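These come from Swiss-Prot:
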ACT_SITE  47  active site
BINDING   27, 29, 31, 48  Ca(2+) binding site
DISULFID  28-44  disulfide bond
């Protein structure tokens with residue numbers, strides 16, 4: 001879940017860690033479009049695709 005993902009980020013990076021990802025790259029935060037900018041952004045892309053499986057999103 002998004003809540004668990006946020007908890008993991010805060011655990012690794014500290015309490016404000018999740019705030020750093022609200023507008024990171026193309027896919028971290030709300031929405032997304034284009035190609036992921038790096039491995040971290042790709043992780044956010046894959047996370048978004050998990051929730052979008054019903055629309056046929058394929059993160060390969």
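Quick reminder: no glycine exception, Cβ is built from N, Cα and C everywhere.
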**Report entry** Lowest local Cβ density among 29, 31, which the record lists as binding-site residues, within 10 Å
**Finding:** 31
Report task. Just jot down the residues in the same chain as residue 44 (disulfide bond), at least 6 apart in sequence, with C-beta under 8 A of its C-beta; none if empty. Result -> 21, 24, 25, 27, 28, 29, 32, 36
Report summary line: Residues lining the Ca(2+) site besides 27, 29, 31, 48 (CB within 8 A of their CB center) are 26, 28, 30, 32, 44, 45
**Report entry** Protein Cβ atoms within 10 Å of the residue listed as 'active site', excluding its own
**Finding:** 16
Report summary line: One finds that other Cβ atoms within 10 Å of the Cβ of residue 48 (Ca(2+) binding site) number exactly 16
Requested in this report: Let me know how many other Cβ atoms fall within 10 Å of the Cβ of residue 27 (Ca(2+) binding site).
Outcome: 24
